[in-house]
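Notes to accompany the following structure.
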Amino acid sequence: MNNIYFIGLMGAGKTTIGRMLSKQLDKEFYDSDVEIERRTGVKIPLIFELEGEGGFRKRETLALEELCQLDNMIMATGGGAVLMPENRVLLKNSGKIIYLRGKVNDLYQRTRHDKTRPLLQGGNMKQKLERLYLERDPIYTSLADYIVDTGAQSALEITSYIEDLLKK
Ligand SMILES: Nc1ncnc2c1ncn2[C@@H]1O[C@H](COP(=O)(O)OP(=O)(O)OP(=O)(O)O)[C@@H](O)[C@H]1O
Ligand SMILES: O=C(O)C1=C[C@@H](O)[C@@H](O)[C@H](O)C1
Ligand SMILES: [Mg+2]
């Protein structure tokens, strides 16, 4: 299958850049977080509140099992989607994987006022992001077909860079 998947931490730009790239390449765009909310009829923070992270992860796998059967689409995955080995297999077998690697400070600046990410709420948000970066960067890196470092470039510049990368 010919899909393109974005992976990376919260605030890396997966949704923003994934959507832009889908317009440039004229492909369908999906966001696994949005699809989970659509299927459950409630927002992600409420799923975490009622069912914990474990419940959310089960719903995430069910959504990915369906979504990864589609073809020729672009999908932004939830930041923790790669934690489950079965999700890694689903992604790897059905598309190219792009790791958007942001710097912790940039991720922090982009997510600090947003209350929609349960894993960052309560306590020191920057420390939480640092810990998640250390835990997850090796997983994102080993799974990725392409690693794209995002620094000072705008989302549009990063999208153009990825478009060129995919043509090579
Ligand atoms: N390269 C960039 N430069 C500046 N701002 C950016 C860039 N990429 C994304 N943003 C902004 O950062 C915020 C978070 O981006 P986005 O929602 O796309 O991240 P995400 O990776 O999908 O996060 P999550 O895993 O939580 O869904 C948005 O407000 C977006 O506009
Ligand atoms: O990094 C994570 O574990 C998460 C990221 C978000 O995209 C959501 O999938 C949810 O808030 C969990
Ligand atoms: Mg997103």
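Just so it is clear, glycine is given a Cβ too, placed from its N, Cα and C backbone atoms.
A TrEMBL annotation is a machine prediction, not a hand-curated record.
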Can you find which of Asp33, Asp106, Asp114 TrEMBL lists as binding substrate at the same site as Arg57, Gly79, Arg136?
Asp33
Which of Gln127, Gln153 does TrEMBL put in the same ATP site as Gly11, Ala12, Gly13, Lys14, Thr15, Thr16, Arg117?
Gln153
Give the three-state DSSP assignment (helix, strand or coil) for Lys14 (ATP binding site).
helix
Nearest to Arg57 (substrate binding site) by Cα, among Gly11, Gly13, Lys14, Thr16, Arg117 (binding-site residues)?
Arg117
Rounded to an integer, what is the Cα-Cα distance in Å between Gly13 (ATP binding site) and Gly79 (substrate binding site)?
10
